[in-house]
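Trainee: From TrEMBL, here are the annotated features:
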type	residues	note
TRANSMEM	6-24	transmembrane segment
TRANSMEM	36-57	transmembrane segment
TRANSMEM	63-85	transmembrane segment
TRANSMEM	129-149	transmembrane segment
TRANSMEM	155-178	transmembrane segment
TRANSMEM	190-218	transmembrane segment
TRANSMEM	224-245	transmembrane segment
TRANSMEM	257-285	transmembrane segment
TRANSMEM	291-312	transmembrane segment
């Protein structure tokens, strides 16, 4: 517990620097220049790994060394991104860092999108903690299987998440130019591309899940559970993931952040949390870890239905952020 506290405090110190980096990276993506954030991520990860290796293995600092490595890498990320933003060749750049001028109207418009997104992400993590608390009651095998399955599923979802970032930039530029027709066209194209990526990645996951989980040296029971939930996840990815996570980014880019927040929070707690207990617990369907993942897929289904209906109605086209 002491090591966990040390690591938490050091990484928490890095949050402001992480915020600076994320804001800067978002500006470059808004300019259509995602290479900068990729370059920064590469450099920062090299710094993180190097500092961690030196402090953990060289100086024997353990958790403190890992925390310091994270802190140093995030400070470096903030410095690099701000230096790049200050370059005069960029369309959007930051000048006069020491000058401060409060513009209430602009801040209000930013918070109109930022606060709902922040609340959505924060409550999403809270919901995940509640579900994780349930999973711990199933034993160490279930906890290990869930951790490995989440890691593998995260890798499988990378192409879809990349397209989700792309759709924010593209649709944001279309809406800023008043080209709602182009926004509709590119939303369909990018969601379709997300479906294609998910089909390829999820098919590979479905048929290789059993072999993949053996690479992590789990117990036979944990391997069986991890493979089972990964196959269920693969089916859900193909059918619902793009509509549940790629499509709402188009709505957010158009300024429809309050609706996406309301749907995401409601679906998270009603489906993912409540149904996890119904599907997984002995007093319910008694499906164990599989029940938790089926509740997650039910969450995707509800999100997809609401977001598709919102997109089809077209109200997001009439929102004016700036």
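Placement of Cβ uses the backbone N, Cα and C atoms for every residue, glycine included.
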Trainee: Same chain, outside the transmembrane segment (155-178) by at least 6, Cβ under 8 Å from its Cβ: which residues?
Mentor: 29-30, 32, 34, 186-187, 190-191, 193-194, 197-198, 201-202, 204-205, 233-234, 237, 241-242, 245-246, 249-250, 252-255, 321-322
Trainee: Same-chain Cβ contacts of the transmembrane segment (190-218) under 8 Å, 6 or more residues past its ends?
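Mentor: Counting only partners 6 or more residues beyond its ends, the transmembrane segment (190-218) has Cβ contacts under 8 Å with 141, 144-145, 148-149, 152-153, 156-157, 159-160, 163-164, 166-167, 170, 226-227, 230-231, 233-235, 237-238, 241-243, 246-247, 250.
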Trainee: Can at least 3 Cβ pairs under 8 A be found between the transmembrane segment (63-85) and the transmembrane segment (129-149), with each pair 6 or more apart in sequence?
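Mentor: Since fewer than 3 Cβ pairs under 8 Å link them, the transmembrane segment (63-85) and the transmembrane segment (129-149) do not come into contact.
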Trainee: Are the transmembrane segment (224-245) and the transmembrane segment (291-312) close enough to be called in contact, which here means at least 3 C-beta pairs under 8 A that are separated by 6 or more residues?
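Mentor: Stretch pair touches.
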Trainee: Near the transmembrane segment (291-312), which residues from the same chain, at least 6 beyond its ends, have a CB less than 8 A from one of its CBs?
Mentor: 131, 134-135, 146, 149, 187, 229, 232-233, 235-236, 240-241, 243-245, 247-248, 250-251, 256, 259-260, 263-264, 267-268, 270-276, 278-281, 284-285
Trainee: Same chain, outside the transmembrane segment (257-285) by at least 6, Cβ under 8 Å from its Cβ: which residues?
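Mentor: Distant Cβ neighbours of the transmembrane segment (257-285) are 112-113, 116-117, 119-120, 123-124, 127, 130-131, 134, 138, 248, 251, 291-292, 294-296, 298-299, 301-303, 306-307, 310, 316.
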Trainee: Under an 8 Å Cβ to Cβ limit, what residues of the same chain, 6 or more beyond the ends of the transmembrane segment (36-57), are close to it?
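Mentor: For the transmembrane segment (36-57), the far contacts come to 21, 25, 28-29, 64-66, 68-70, 72-74, 76-77, 80-81, 84.
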